[in-house]
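S.K.: Before I ask anything, here is the structure I am working with.
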Amino acid sequence: MSAAPTKDEALAMAVEAVELAMSLLKLSLSSSDRAELMATCHALLQEAENVKKSNGWPLSSTSSVSVPAAVEKTKKAPASTRIQTRAEQILLLKGSLFGSDKFVMWESAPSPSEFSLAPDGSLFEDAAKLDLSEFQNGILECWSRAEDALVPTSMKKYNGLPPGQSLLDIDGPASLLKMDMDLKVDLVQDAACDCSVVASLCAATALAEKGFPNIFASVIYPKANNRPVVSTNGKYIVRLNFNGSFRKVVIDDYLPVSRDHRTLHIVDRNNRTLLWPALLEKAYLKVRGGYDFPGSNCALDLWTLAGWIPEQVFTQDNEQPMADLWDRIFTSFRRGEVLVTAGTGKLDKRSEEHLGLESQHAYAVLNLKEEDHRKFFLIKNPWSKGTSWKGTISPPSMSASSPATGSRSSLLDEALDQNVNFPALVSLTNGQPGTFPRPNEQLTPGTFWIDMENLLQNFETIYLNWKPSLFTSRQDIHAAWNLATESPALLFSEQPQFMVKSKDGGPMWLLLCRHFTNDTLESAGLKDSTSLGKTGRLLPGYIGFYIYENNGVRVFEREGYCERSEIVSSPQTLLRFEARPNVSYAVVAFCEDSLSANYPFTLSAFGNSPIELERAFNKFVVNARVSSCWAQGTAGGSARSPTFGSNPQFRLVVRHAGSLVITLQEPSNAHNINVRLVHGKGKRIFVIRKRDVIGDSGDYTNSTAIAHVADVDPGTYTVIASTFEPDKYADFFLSVDSTVPIDLSELPRDGAGRVCRRLARATFNFGDNKVAAPLVPRRMIGVGVVASFCPGGASSLGGVRSTASESNVGSQAASNADGASNAGIRSPVRITIDVGRGSGRKILLASNNGEFTDEDGALRTDEVTLESRMLQANDMWLVLERLSGSSAASQEVYNVELRLDRETGLDVGAWRSWRDPLA
């Protein structure tokens, strides 16, 4: 014990030594050995008592357990050492301001002069007033100074004090108010609704009652001899951890007082005038918006109150074996390294009455123990009139000394069996981490034992808060999700990304924690005082993060991660993983399903080896993004659809050779989608051929499609966004990330800005290979031609029709929109605008570069300008020509449409069979 660096560790060592001696005593058969062991027990117990009763550590040199003067100091929590960017500094400064208050970052302890009386003797009064709920306002009598508020008026009358007389008039404030941090307390809530805060304080004070330091002793000012004391002027300063930093929260000692027996703030049933819990509660509620705060989760509360690292274990989803979870918690609990709380899920009234548990309520865990290989939690309901769990603990644990009624510890049982009836043993073991309660244990109202199986079954969440000094290294980085855009969700590649690396590897913990700010409220349009929009409240949204072993470079796709955290609606989430030495990981901080707002957050990395934490390396320094939609006339479907060319398309100009990542996102998650980059010279593409495709996202996937394109030459390209099925309507976002400068713009929809003139159907009768219609331009006019095969208009006399699939893009099937049979001959065709016939024929315009094709999308031409003077030498014809062999064996029908740049100026005659004149 003398080598223990702290009193807490010395006491833990003493308990372990006594337990070992008692085990040997039980096994010993020799009377001399038993006598020697008995004497050893006496000595160890005496030393342990000396440690427990000591006011400091190390003990004086006259003590039997004195230690060397040069004792290793208690480990301090690590602090981030990385240099913040200017953007981070601004973000943290903005985090000081929300609501009407200012919470500056903590720099040093306040001067004692801040707590002195003003020259006129007046007391400090905070300008900020904390809100109460409608119910609380209904029973509020007044706000009173602490010396009056801690003993309600009704109790004063009950104690027989004359009306208007205060306990101060009798005892004075020094004897009334207490700030002791070492008292045995029973903290409860009544008309306050902050169950998670009270449960958090209960769990922390239970740890202090086991001999560990009170974690709140260092956060409340003023102090004397390093301990909080009553302020002379009623001013208190509390050091809380939120918005990426420890911050200064200033309060006065006014507390709400009810007109009846109810209390509106936390109270200690053992010490009615204990002040510090109410002050700590008030400081926290000032940050979170007022006494009408509905509670959050204990993990966040203790992170804010004390800076202990928060973790949530979801009992229904937890994949960790129960024994492993218990061992991890129990071992650390014995050492004072973890605080444990729990929360129930939503319960109906019948379940509440049956179980004795409150719906969506926070509970404190005061102790843990093992008996008969069973695991038990001592749970406290923080409601002053709260019920206890009504369940039973199944065999083999149930016995005459079951934990539900208060069991004897194995250590005490052995002592009694061996006639070692030491009062010191009872005093020492009672309440120590991992030891058992005294016989006939009297539990306070609302406190109960529950075994781990029932805890996991009846509680939704276990909250753990870990002592930060478990680690020697920490780095923080501060950033924000910029959701204040037209997009309801960020692309995965647009989520903030970071690089983290551990020099020697080993366990690394990553904590993601959202901030409270006015920006969150204002940019979401929620400035009112509703519960959702109040200062210190958090708006809806899910957060989490993904880890990739990829040298810390930016990632674009969610797939491929090596670790991921829970995706939670809580304001924080933790991931524990084993880092490899000097390996750089990419960390993606993820947020979704949130209102449009700006969400600042802090990412913290903890480990026992030097850590690097910075922004992820991003070689794609240029980004272009557009929004569009698939709508009527533009939802063309996949490449196998004849309307594929009507899909939204985009012109992409690449200025220099480089690499691209093209991301298509459909936020509704309703459709499978694809994106392609093709050689199209920035023009609309109607048919895709494999040789034209430069980049492709591959199979159609839900919500997001990503195409990686390396080594793209400078040039102008076409990007096509499509759904798998035609006529599927949705909004989408297209983002192009590039290593070089680019320009991205949407192309006009097919036929946009043109007059569409539908002609009579063109029919190839049996034996015909060409049909033509005369054209007569009356003035200068721009003309383009589109033709499409009519499956229902064809009479099949044999032959084989073409089929199409995404794997055979160049050969598309005809589809019968009217539900008629798709059977029919399909000949390769082309369409041209000619001047003259025979050997003097001049082709002005041709589809598909003059090649014959059986693809509907290719039966269109570019635009050509026609003029009346072109008719001076020969007639002008619109010619539809097919390849069908020496004898045409079928009738085929086509729809033909002209795209004109003006309504008038072109006459079109009737279709007729066409035969070239003999040479």
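Note that Cβ sites are derived from N, Cα and C of the backbone, with glycine treated the same way.
Sharing the features that TrEMBL gives for it:
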DOMAIN    114-468  domain 'Calpain catalytic'
ACT_SITE  CYS195  active site
ACT_SITE  HIS361  active site
ACT_SITE  ASN381  active site
S.K.: Could you measure between ASN381 (active site) and CYS195 (active site) for me? Cα positions, answer in whole angstrom.
M.R.: 9
S.K.: What does DSSP assign HIS361 (active site), in three states?
M.R.: coil
S.K.: How big is the gap, in Å, between the Cα of HIS361 (active site) and that of CYS195 (active site), rounded to a whole number?
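M.R.: HIS361 (active site) and CYS195 (active site) have their Cα atoms 7 Å apart.
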S.K.: Taking the Cβ of CYS195 (active site) as the centre, how many other Cβ atoms fall within a 10 Å radius?
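M.R.: CYS195 (active site) is surrounded by 24 other Cβ atoms within 10 Å.
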S.K.: Using a 10 Å radius around each Cβ and all protein chains in view, which of these active-site residues has the most neighbours: HIS361, ASN381?
M.R.: ASN381
